[in-house]
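Database features, via TrEMBL:
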BINDING   Lys102, Gln165, Gly194, Asp225, Lys363  UTP binding site
BINDING   His195  substrate binding site
Amino acid sequence: MAAVASETEKISKLQTAVAGLDQISENEKSGFISLVSRYLSGEAEHVEWSKIQTPTDEVVVPYESLAAPPEDLEATKKILDKLAVLKLNGGLGTTMGCTGPKSVIEVRNGFTFLDLIVIQIESLNKKYGCNVPLLLMNSFNTHDDTLKIVEKYTNSNIEIHTFNQSQYPRLVIDDFLPLPSKGETGRDGWYPPGHGDVFPSLVNSGKLEFLLSQGKEYVFIANSDNLGAIVDIKILNHLINNENEYCMEVTPKTLADVKGGTLISYEGRVQLLEIAQVPDEHVNEFKSIEKFKIFNTNNLWVNLKAIKRLVEADALKMEIIPNPKEVDGIKVLQLETAAGAAIRFFDNAIGVNVPRSRFLPVKATSDLLLVQSDLYTLVDGFVVRNKARKNPANPSIELGPEFKKVANFLARFKSIPSIVELESLKVSGDVWFGTGVVLKGKVIITALPGEKLEVPDDAVIENKEI
């Protein structure tokens with residue numbers, strides 16, 4: 001009983017402290033308290049390994065088996081007019097050495113992630129005469145910058161709406177009190193609680209009601225750094241016809257994706273299984289490509305009325321991801337949730353097993369190298385893969401810390417090498433590339449400590465270690 005008492009005590013102390021934080025709304029306060037209460041009560045869903053089943057083709061539908069969408073423009077316009085696109089825009093470009101939102105990093109031909117997204121939706125609206133709006137869910141880290149950036153699209157053929165996801169206080173582990181009430185007045189006292197927060201934030205911001213009033217039925221949610229997450233009429237058409245409230249795009253795992261969450265059938269419902277939920281003795285099995293063949297791309301299609309129903313009933317109790325951090329030597333905890341984990345609360349939810357081309361995330365400069373190279377071209381804001389590449393998988397690329405920041409990465413390549421025939425590249429040390437370099441097969445380039453290595457212009461390097 002003592003444990004229960006101390007939990008209740010912790011929560012009531014926390015409630016008092018949070019009530020005094022006037023930087024956040026009542027919705028945010030109550031959302032935060034309920035998240036912490038859930039965490040403390042330990043109501044974590046324990047997955048019984050023996051109950052896990054591989055989903056059938058009814059549950060995870062092969063993309064090839066989806067019916068072709070209607071061919072005539074008017075019917076397509078009708079389908080698209082039911083859609084809104086939402087990009088998760090809360091992340092900063094810090095890991096790639098950039099300030100401001102990650103979505104304003106230049107990806108190709110001087111276009112940023114955001115430019116490409118706007119161009120894509122614009123060309124869709126123009127082609128079909130529809131009105132697909134774009135929503136950007138910002139965090140308090142990206143909000144001000146994003147507002148300035150979207151001004152440049154005011155004359156575009158696209159409606160852009162921005163809203164903020166929740167802002168929660170970081171918890172001091174020692175005494176379970178919010179960091180901001182202990183004198184941390186800056187941004188370091190707060191955190192955005194993961195993209196699972198997209199559902200309550202859509203409702204709390206009033207955006208969900210607005211979309212419903214415009215006749216919208218579905219929202220397509222994706223990470224702003226996934227260049228493959230483009231509107232797919234075939235998927236949308238399927239969801240409308242089959243009344244699926246939720247759809248997660250999954251794609252076959254490669255060895256690079258062994259940590260990604262997978263879809264399972266569990267007690268008659270489809271749900272997301274993340275590596276953090278897997279008992280230690282089954283982790284290798286989880287990572288194997290044999291048993292769990294697919295992973296979540298975080299491209300999600302969700303019915304708006306269903307979101308409203310579940311948020312209002314407070315039914316979206318996704319698995320909590322505890323994320324410990326340190327701020328100025330103080331150990332703190334951020335509790336987060338993921339949007340993909342919500343799949344089990346929606347009716348008639350499915351996965352669609354999509355081609356790998358719908359998953360092209362840019363998480364590091366090694367990904368930027370792929371996207372800026374001759375492996376891809378840009379057509380109407382869409383990044384299209386070069387047909388000349390025979391291997392369906394992209395080359396694996398490892399760049400040393402000298403290339404980690406975008407500015408350094410760009411400085412070290414006079415031009416991006418040709419990599420259509422590359423299998424793998426590993427670069428370490430102080431390496432600089434000339435123009436017109438061609439890389440083929442397996443290439444390893446190493447500069448010895450204290451030495452500078454320059455790859456000459458027009459060099460062709462095939463299956464070599466330099």
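Any Cβ shown, glycine's included, is placed from N, Cα and C.
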**OP:** Among the binding-site residues listed here (Lys102, His195, Lys363), identify the one with the smallest other-Cβ count within 10 Å.
**Re:** Lys363
**OP:** Could you measure the widest C-alpha to C-alpha distance across Lys102, Gln165, Gly194, Asp225, Lys363, the residues recorded as binding UTP, and give it to a whole number of angstrom?
**Re:** 21
Original post:
Going along the chain, which residues six or more apart from Gly194 (UTP binding site) have their CB under 8 A from its CB?
Top reply: Ile321, Glu336, Thr337, Ala338
**OP:** Within 10 Å of the Cβ of Asp225 (UTP binding site), how many other Cβ atoms can you find? Include all protein chains, please.
**Re:** 22
Original post:
Under a criterion of Cβ-Cβ distance under 8 Å and sequence separation of at least 6, what residues of the same chain contact Gln165 (UTP binding site)?
Top reply: Gly90, Met137, Asn138, Ser139, Pro192, Pro193, His195, Asp197, Val198, Ser201
